[in-house]
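Annotated features in Swiss-Prot:
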type	residues	note
TRANSIT	1-29	transit peptide
DOMAIN	30-290	domain 'Alpha-carbonic anhydrase'
MOD_RES	LYS66	N6-succinyllysine
BINDING	HIS124, HIS126, HIS149	Zn(2+) binding site
Amino acid sequence: MLRRDPRKPLAILRHVGLLCATGPQRWRFQHSCAEEHSNCARHPLWTGPVSSAEGTRQSPINIQWKDSVYDPQLAPLRVSYDAASCRYLWNTGYFFQVEFDDSCEDSGISGGPLGNHYRLKQFHFHWGATDEWGSEHAVDGHTYPAELHLVHWNSTKYENYKKASVGENGLAVIGVFLKLGAHHQALQKLVDVLPEVRHKDTQVAMGPFDPSCLLPACRDYWTYPGSLTTPPLAESVTWIVQKTPVEVSPSQLSTFRTLLFSGRGEEEDVMVNNYRPLQPLRDRKLRSSFRLDRTKMRS
């Protein structure tokens, strides 16, 4: 079930890039509004302010039905992954991430809002401290307990992921909401190895894994031009957010919360609330591949 976001009220200081909030944080590293604006160690990957003052197409966003426009020209998204290209799962110090050999041209996505073929690079999750929140995107102000991101790069236009990640139309990210429900058998393969990567910078080898098993059966989606939600916040992403969530069990999500932001020998810092603040839509067009039906969304 969709839940109203308990994190409001929330204000982002656009000029200094620091965050003030009541309730749960949209970034786990929260600083006083009176603090000097500086790039201090909010997070080991962080190199800039919480909010990009110059950015005009930042992510994530609150997907509002009133802002969504049905586009009959949006084709179905074509998804074809090579399970054998899965390499390892690791704790990045911000989330756990599954890496793939992206030299395989055939493993990726095309169609939908995309003009080129995009190769799969990695996927990761964002989640909250409880089952009440955790997704990066929201829908009419409602959030899910977690969100999956499958990250792909434009192999037609760019030589490698690094160049694509900061280039125009360089990345395509599929977002999938996770909601509480039935046990997810395919996800369990990942959950089973999480104890081996509890600490930051630890990894475990993975056998074949096809991440299409994590996608919903219904492939209706919203799409909009946006950015990475972690530094460097590059505005290189075509977002493809699935309308239909996938079900996972409470125990599976609880295992996510056993991971740590901290490394071995450091004070334990539980890995939760690893999501970015919502960003304004501004004048961007939010398109949908489906005709809007509110009654079917709230499930």
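Any Cβ shown, glycine's included, is placed from N, Cα and C.
The structure, with features from Swiss-Prot marked on it.
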residue: LYS66; record: N6-succinyllysine; Cβ contacts under 8 Å, 6 or more apart: none
residue: HIS124; record: Zn(2+) binding site; Cβ contacts under 8 Å, 6 or more apart: THR92, PHE95, PHE96, GLN97, VAL98, LEU148, HIS149, VAL151
residue: HIS126; record: Zn(2+) binding site; Cβ contacts under 8 Å, 6 or more apart: PHE95, GLY134, SER135, GLU136, ALA146, GLU147, HIS149, THR229, ASN274, TYR275
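When other Cβ atoms within 10 Å of the Cβ of HIS149 (Zn(2+) binding site) are tallied across all protein chains shown, the result is 24. Annotated Zn(2+) site HIS124, HIS126, HIS149; additional same-chain residues within 8 Å of its Cβ mean position, judged by their own Cβ, are PHE95, GLN97, PHE123, PHE125, GLU136, GLU147, LEU148, THR229.
When secondary structure is read from DSSP and collapsed to three states, HIS126 (Zn(2+) binding site) falls in the strand class.
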